[in-house]
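Taken from TrEMBL, the feature transmembrane segment covers C:7-24, C:30-51, C:58-75, C:81-100, C:109-127, C:163-183, C:215-233, C:253-276, C:288-310.
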Amino acid sequence: MDALLQFVFSGLTVGAVYALVALGFTIIYNASDVVNFAQGEFVMLGGMITVFTFEAGLPLPLAALAAILLTAALGVALNKLAIEPARGAPVVSLIIITIGASILIRGASQLIFDKQLHRFPAFSGDDPIRVLGATILPQSLWVIVGAVAVFVALWLFFTRTLTGRAVLATANNRTAAQLVGINTAWVMTLSFGLSAAIGALAGVLVTPITLVSYDVGVALALKGFAAAMLGGMGNPKGALVGGLLLGLLEAMTAGYLSSQYKDAVAFLVILGVLFVMPQGIFGHKSTERV
Amino acid sequence: MRSRTTTALATLAALATLTGAAQAEIRLGASVSATGPAAFLGDPEAKTIEMMVEQINASGGINGEEIALTLYDDGGDPNKARTFATRLVEDDEVVAIIGGSTTGTTMSILSVAEAEGIPFISLAGAISIIDPVREYVFKTPHTDRMACEKIFADMAAQDITRIGMISGTDGFGASMQAQCKEVAGAQGIEILADETYGPQDADMTPQLTRIRNTEGVQAVLNPGFGQGPAIVTRNVAQLGFEIPLYQSHGVASDAFIELAGAEAAEGVRLPGTALLIADLLAEDDPQYQVVTDYTAAYREAYGTATSTFGGYAHDAVALIVDAVTRAGSTDPDDIRDALETTEGLVGTTGTYTFSAEDHLGLDLSAFRMLEIRDGGWSAVD
Amino acid sequence: MTRRMKWIQLGVLAALIVLLPLLFPSGYYYRVGALIFVNALSVVGLVILIGYAGQISLGHAGFAGIGAYACALAPEHLGLHPGLAVLLGAGISGVMALLIGRPILRLKGYYLAVATLGFGILVSMVLTNERALTGGPDGMVVADPGLRDLLRDLGLRLSGGELWYGVSGLVLLVGAWIALNLLDSPTGRAMRALHGSEVAAATVGIDVAAQKLRAFVISAVYASVAGSLLALQNQYVTPDVAGFLHSVEMVTMAVLGGVGSVLGATLGAAILTLLPQVLTVFAEYEQLVLGAVMIGVMIFLPQGLLPSIARRLRGTSE
């Protein structure tokens, strides 16, 4: 029994990491139908910038804030310099652009920072919390709370605010959105800035657990992308549920079946879900306009 | 626009030939994984090779001839490694090659070196590199098998006979996992639990819980490198294990203690080289001089501590310098012959004595059992 | 695509393959040339899938992995000649593509991307984990097919580099010829209709599912043969060949060069293969440059290099 609880704790910790990455995908996707494959790099930057500003003497909260703001600025720059000039390009071109951006950011980080692994202290210490014979680290709670908080904020943003609805309207039909007076260029800038900030926040929260180096972004983006697709791309609820589900699946497989094939089981389940629900768990059915 | 790109490319190519063929005499080639998933190994290796060549040239070269180094970064990709090996041999016309940070890249370089008759010193762990012995292939690191034997011997000395293993699925971890399982029986060690984790995994508590719940496990062994072992060490502390944790030589650097946290890493044991305990070595230790010189030079050049892996590259360069000096020739075959007759060369990893049957030339004594105490390394034996 | 264009493309390709060696200063260039041809072969397959049929795949390296390991495993365990192992690998890849293609290709856009990605990861995971069979992440040795000895007995002395340059070039030429013929056939026209609009294609009576599946299987076989050729000339294979990064590399090559044409595929493969070789002096900056090139080409030449250049040339000559 305590084993099962331990697996659940592990699954929730890892799942919350995936969910945070997956949530970052949703805003850009909602605004522009672009899956930003550089999202993992935003997470990496959040961790790396915090590490280096913290080591330079800034207090941790300030270092984290600096990391989030800098990364958000980079997100805006990415939109201005690479996405906006390519407007109207087919989806596969946009995928290549964001993959190119991720390679570029990785290459630059390797030069600006270094190739070593880094870590900064957990926010509330490393003493595990014991529950019924299982343990969880305080930092895991930070990550889980962080994922839920971002989810709630996004959900409110998209359903309760005018700006959030403007984002959705832009994705739906850019011309129509412009006609009703939405500044679509501003919406795009905003969504890249917000997505990057969420990514960086994820990096700040998870680094004490996962450690960070210039090349952690690919694996994170991959899992986050899979989680988002599992839940249904574009839906914050899908990102949260998809992420937690993926984490729990991996932990349960590692705990009860085989740690060698835990990633395999996760992807098999994703394939299975997509066969039954081609738009993910919470995705909307869309039809092609001719 | 197009013509400008062409000019830029031409300049680039010209530059490449210039640096590659600087008029010196001894052409040394290297292909290591300075970036990519194995950068952990290749980065200190590349830095060490560049630093040493500079040092040697500054002090007059070998037999009065300077070394011209051509170093490529294969990014850990065996396919690229083979291309660079071909380039080193065919285009740069080197007389010896150092490199192959991983077993995969080593095996790719190896067949080129063998086919073209160029001596090649590998920096990777697998035993299959030098067993069976290949004419032109040597290596400096201990084999993974030796690391297993060293660890199991230490366990046996403490009456530990039943253990659980948790290994990374990267090349390093998987290779050592297999080797350890092979030699365990002969040393009276029984592996009761055998778990793995992916190189980028964030939490290993499920696997460790399984090990903990396996009846009779007396110690945990974690072959792996990169962030995995640091996370395993932290998870072991989180779960409150009361049995000892053994790590491999893959984590033997100061950074590991920092990443795992001194508290969690307290009491962790692992086989390492003299390099890690440079300041603890007695002055009459045969390795004292070479280890202190190297660690000091590296810190001065790059401002960071070196690692066991940088030490492998150090020894490879030292072996080649020694061989060329003794051969008095820069012919690849002469260098190979001289390499094979290397005797008692003291490196950072151990003392090398090659023969026609042994192209590794280290024995178990080159490994020292280390324990992390009070956030630093200390020697067990 | 006129019949004339087809022969021009093939002619240019053949001329390049035959004439380039005249400029080679050393044996190393044969190796790079062979790599370009092998990469181009798998990219030609993707041109059929992405360019003709409009479907994306982020898992084609999985098929390259199957082809590569078929050449490593079949001679050792089945006693099969490495040459036949190439066919065996292509067969397995084709059947595999047929089986998974049916359900997967119902998915669209990013959902298809994640499903193919999952397939690729599963293949590379099996190759990594089944150590007893595949040697695990360290990889395994691939037997020499003995082609060089055979040619020597026939009186033709070639270095390893020259031999594989020739073989890869020849296979690429055959692959390009098949692809161009396909494009020119009713099947090709049906596939290209999908690229425009699947709904529209269906209304004019095209069996959309069957055409997609056909493109998927064909491209899988191309990737598989390319993987086999790589394994045979490297004489060593590791699970990297099936990795996600290799899949992304293939798609990038296809899109960079221009996803609609065979020559574009070759150009894309050439650029991405040459880049790390040209940048060795600035190896630290390699990723930076690669990323910048990818973004730059997509912004300024959104159709890919070759179509954009061709258009500009046509524009200036008229």
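Yeah, the Cβs are placed from backbone N, Cα and C, and that goes for glycine too.
Any TrEMBL annotation is an automated prediction that lacks curation.
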For the transmembrane segment (C:253-276), find every same-chain residue at least 6 residues outside the stretch whose CB is under 8 Å from a CB in it, and list them.
9, 12-13, 16, 32, 35-37, 39-40, 43-44, 46-47, 50-52, 172, 176, 179-180, 283, 286, 289-290, 293-294, 297-298, 303-308
List, by number or range, the same-chain residues at least 6 past the transmembrane segment (C:7-24) whose CB is under 8 A from its CB atoms?
30, 33, 37, 162, 165, 169-170, 172-173, 176-177, 180, 261-263, 266
What stretch of C:30-51, C:81-100, C:163-183, C:288-310 shows the most Cβ pairs under 8 Å to the transmembrane segment (C:215-233)?
C:30-51
Within-chain partners of the transmembrane segment (C:163-183) [C-beta distance under 8 Å, separation at least 6 from its ends]:
1, 6, 9-10, 13-14, 17, 21, 30-31, 33-35, 37-38, 40-41, 44-45, 47-48, 52, 147-148, 151, 192, 218, 222, 225, 229, 232-233, 262, 266
